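Asker: Have a look at the structure that comes next, please.
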Amino acid sequence: MSDFDSNPFADPDLNNPFKDPSVTQVTRNVPPGLDEYNPFSDSRTPPPGGVKMPNVPNTQPAIMKPTEEHPAYTQIAKEHALAQAELLKRQEELERKAAELDRREREMQNLSQHGRKNNWPPLPSNFPVGPCFYQDFSVDIPVEFQKTVKLMYYLWMFHAVTLFLNIFGCLAWFCVDSARAVDFGLSILWFLLFTPCSFVCWYRPLYGAFRSDSSFRFFVFFFVYICQFAVHVLQAAGFHNWGNCGWISSLTGLNQNIPVGIMMIIIAALFTASAVISLVMFKKVHGLYRTTGASFEKAQQEFATGVMSNKTVQTAAANAASTAASSAAQNAFKGNQI
């Protein structure tokens, strides 16, 4: 009956103990169960039952980003490797030099026992004339000078071949112009003259200078080689009636016959190359000469020592002295008689 006596317009939850604000606040903070989970509710609501979601593994490949600065141990390892490589290189160089010195020492011992046998020019054994010089770069020339001496030897050979080709160039020019007989004859003379003279007058002094560190032979080489360079320049110029297929003669021959002119131009280019290479090698040899400690005073001393130790000079001096003494004695004896 009490329900009928209540006010129909009153709040029905007024007397409900479960609608009390303190109770509803506590029940609201409790996470809903699985049956009450609403997927469309606020995303900030934690998963039902307080279940922790498993971590999703990262499917991207693991890539290490290179660092700009290497670790300290890497730098130390690199420096150690470089130092070890440098030591190995020096050791190999020292072993190579030691082997070269041992080989030269053995060869010198063999030469001292059996004597030096001339081996240049390399002529056949049945040839009526034998070799005139002994030449062995590995035995006579120090290692640091062998390359330079070999280049000078190749330069001499190059000039000899150019002189030989010059004969054929002048012969071809003589075939198209009979007035060039003088050039053809002189070309043969230059080949027969300059080939042996250049070998004896400047190459052998250079070879001996580096072999025995002789200042006097260096000065002989410089004097003769300057003259040789002047000859190269004149041959490259090619004046008429000089026996050279230089540029002047080549242009004249080109006007007369094109094939002959082309042949002469090639020879003129070879003469020019000889002149240029000669100048370059002269500067190189002069630079090496300054590093050897040679000087003009040493050259004078070597010349005086060589002259005084020469048996021919000693014999001539003794004969001159005896002749002067005998003539002086005779003059004195005649003066006493008078």
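Glycine too: its Cβ is placed from the backbone N, Cα and C atoms.
Copying in the features that Swiss-Prot gives for the protein in this structure:
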- 1-64: region 'Disordered' (REGION)
- 2-155: topological domain 'Cytoplasmic' (TOPO_DOM)
- S2: N-acetylserine (MOD_RES)
- T45: phosphothreonine (MOD_RES)
- 156-176: transmembrane segment (TRANSMEM)
- 177-181: topological domain 'Lumenal' (TOPO_DOM)
- 182-202: transmembrane segment (TRANSMEM)
- 203-218: topological domain 'Cytoplasmic' (TOPO_DOM)
- 219-239: transmembrane segment (TRANSMEM)
- 240-261: topological domain 'Lumenal' (TOPO_DOM)
- 262-282: transmembrane segment (TRANSMEM)
- 283-338: topological domain 'Cytoplasmic' (TOPO_DOM)
Asker: May I ask you to check whether the transmembrane segment (262-282) and the transmembrane segment (156-176) make contact, with contact taken as at least three Cβ pairs under 8 Å and only pairs 6 or more apart in sequence counted?
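Answerer: Contact between the transmembrane segment (156-176) and the transmembrane segment (262-282): present, because at least 3 Cβ pairs are under 8 Å.
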Asker: Are there residues at least six beyond either end of the topological domain 'Lumenal' (177-181) with Cβ under 8 Å to its Cβ atoms? List them, or say none.
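Answerer: Distant contacts of the topological domain 'Lumenal' (177-181): 170, 253, 256.
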Asker: Residue counts in helix (H, G, I), strand (E, B) and coil for the topological domain 'Lumenal' (240-261), per DSSP?
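Answerer: Counts, helix then strand then coil: 14 helix, 0 strand, 8 coil.
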Asker: When the topological domain 'Lumenal' (177-181) is classified with DSSP, how many of its residues are helical, how many are strand and how many are coil?
Answerer: 4 helix, 0 strand, 1 coil
Asker: Run through the topological domain 'Cytoplasmic' (203-218) and tell me, per DSSP, how many residues are helix, strand and coil.
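Answerer: Going through the topological domain 'Cytoplasmic' (203-218) residue by residue, I get 14 helix, 0 strand, 2 coil.
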